[in-house]
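Novice: Can you keep this structure in mind? I'll have questions shortly.
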Amino acid sequence: MATAKSLWLAAILLFVLKLWYLGASPLEACACFIKGCLQALTPCSIVAGAIFLFDCMESSQCLAWMKVQLRLVTNSHPIAEVMLIGFCFAFVVEGASGFGTPAALAAPMLYSMGHPKMECVICLLCFNTCMTIFGAVGTPVWFGIGEVVPDYAEADLLQVGFNAAIALGAAAVAVVPGVVYIIVPWDEVRPSLLFIYMSTLSCVLPLIGLSFVNYEFPTLAAGIVGLCVTTVLTVCGIGLGPHNRNQEDLEDPELGPENVIPQTEQDQKDIHNVEMESMGVEKLEKIPSEKLLENPLANADSKIFDADQWDLMITGKAPTVAMAVEEGQLNTTDSKRTMNGRDAPARDRSNKSVKSFKSVRSVKSVKQMAVNHEVEVCGKTLKKFHKARHMSILPKKIADLLNHDSENSEEPRKRKHKVDIHDGDAEHFAEFRLFDAIFRTMPLWLTVLLLILTRIEPIGLKGALRIKEPKIVDGDLGTLGHLSISPVGRFALSGILGTSIGWTYELLYIPFILPFVVAGCAPLMVFRRELEESPMQILKSVMTRIKGPAIALSGALVLVELLRTSDALKDAPAVIIGTRLSETLSHGFMALSFPLGALGSFFSGSTTVSCLTFTQVQKVAAEKLNLSSHALIALQLCGASSGNAFCLSNIIAATAVIGLHVPEGMIVKRVLKPVFAQFVVCTLVLLPFIYA
């Protein structure tokens, strides 16, 4: 069942049970219902801000510039691609938005570079489990836990986040190499293990360090640090072993003289002269395969390859023979290409000599790096998202397909839609410029900067954005409650239906206008002449795509309020559940904390919603068993993060954007092993903290 339906159905059933079976006060239950709907404004604002930020980055081509630079930096090394794009870049995206966005952005990038579809989805889903505890600028901690446990001060939330960061950091170090092995063969993973561990630690160590002082931007800031460090490691080749793809590139006829880095000035002249002499030559003479030309410039006559004998067909263009410079000689290799430019069936390369990656480094354009240029999305997959059925944030291209189908509902629905996923249109970004490096990345570093300015207490902005006085609106709404609004946009509704239940919404403090809207508008102003869409079109797209998360989140918040709120007649259902479980299982309840968090994410598709649902249960159980509630809630937070790997809405979103049409159960089976490994590691790491 879709998330939007299941959460609302659960909320309605609990509402009925609370009145009929538990005998709760009708006014209290109705007040919880109203507060839950209003409380959904906070996470919905965050999701809308994240969608706006990434739409602005896409419209101003900031996202395209980042993708191009990531492609060029990796230089077709599969380990570098997986770690830089699948792990570090996804870390940054998760820190900024969450809700399934990392897999939806990074999976098509990996697929376009030639990695298999299903393995791309599985790899990204597993990687995503290492980073969601502070995703969407820390929403799972400050809202998911802080909202449910109001007696937790900031120091308590910091302790929970720090414990969870230590546990998931240890799990990441243990699990990440195995996840890379899902998508890259082990004989290529083993020589690059040092690179994998250094790249993992470049994200994990900043995450743990920042979680000690803040619980809102550790994932985002750690992702940026890890992205920079991994880029340096990739460019310098530190820890990266050899791989087969570069060896094949040396035999790729597309990588002619213009795509080979010569070692000396004379080599540069030789390759330039060979290229010039070949211009306009219709055909090339027969040259035996793997023949060494002592002086290629001496053979000025036209050369002809016999296509039947040497499996090579060249017509009317410069030679597309791969040339490798070694000690002043040119080594030519042949390769089969068809007339339309597509790769022919692979041939046996066992007798070919392999050149060292250190001696020759191929330079591929962005277009050449895009092995797969498009994906096919079937109408059945799109139907799963139709009418806002899931909480995941859909990529813009998929959302546009939904809008197109809904606008043309009279026409028969297409069975398949082709979606372009490569960045060939951004070929002009291949030339690195300092201006682009500063301003194309501005949405990310400006987001971190604004979070620091508005969250660090001594700066003074944090208190200014949360002031209650003076009140520009202060009046009664009858039996609905008492409404007050402050100049900084702090809305408060107290005494809902005459009860003690109240609601607050801090417009400028929650991560919505600051930082997402401001950071999104900045590139629109700088690159206003390059915009692919107008600001009004972006706003319209945001309003359309927020429907799914809004419906699901409102149902989730109503369910949470009904679970955790008690009255004079009966205890809260969460308290009853926590008490019964702790009495029945005793200290065995610890083994249930992680799976309970994972179960919440599986049903809801969100770490935040999982924390909202089960945090109160964990706290009650910890108090009954005389355990550390901070560590037990941290263990549940780790489970909620891991549950995103087999959450159906995340799987559907990731498979839709990459055009993968397989049953969701096949992917769930593949991700359970890494999730179980995280369960074991996180539980063992947090045991000393639980009994502290």
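Every residue gets a Cβ built from N, Cα and C, even glycine.
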Novice: Look up transmembrane segment in TrEMBL and report which of 28-54, 82-108 it refers to.
Specialist: 82-108
Novice: Please identify the stretch among 82-108, 165-186, 219-240 with the greatest number of Cβ pairs below 8 Å relative to the transmembrane segment (671-691).
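Specialist: By Cβ pairs under 8 Å, 165-186 leads among 82-108, 165-186, 219-240.
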Novice: What same-chain residues lie close to the transmembrane segment (219-240): Cβ under 8 Å, and 6 or more beyond its ends?
Specialist: 73-75, 77, 79-80, 83-84, 87-96, 131-135, 137-138, 192-199, 202-204, 206-207, 210, 358, 444-445, 447-448, 451
Novice: Mind checking which residues reach the transmembrane segment (193-213)? Cβ under 8 Å, same chain, six or more beyond either end.
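Specialist: Same-chain contacts beyond the ends: 79-80, 83-84, 87-88, 91, 130-131, 134, 158, 161-162, 164-166, 169, 172-173, 176-177, 180, 219, 221-223, 225-226, 229-230, 233-234, 238-241.
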Novice: Under 8 Å between C-beta atoms and at least six residues away from its ends: which parts of the chain pack against the transmembrane segment (165-186)?
Specialist: 78-79, 82-83, 86-87, 110, 115-116, 119-120, 122-123, 126-127, 129-130, 133-134, 193, 196-197, 200-201, 203-205, 207-208, 211, 218, 634-635, 638, 641, 670, 673-674, 677-678, 681-682, 685-686
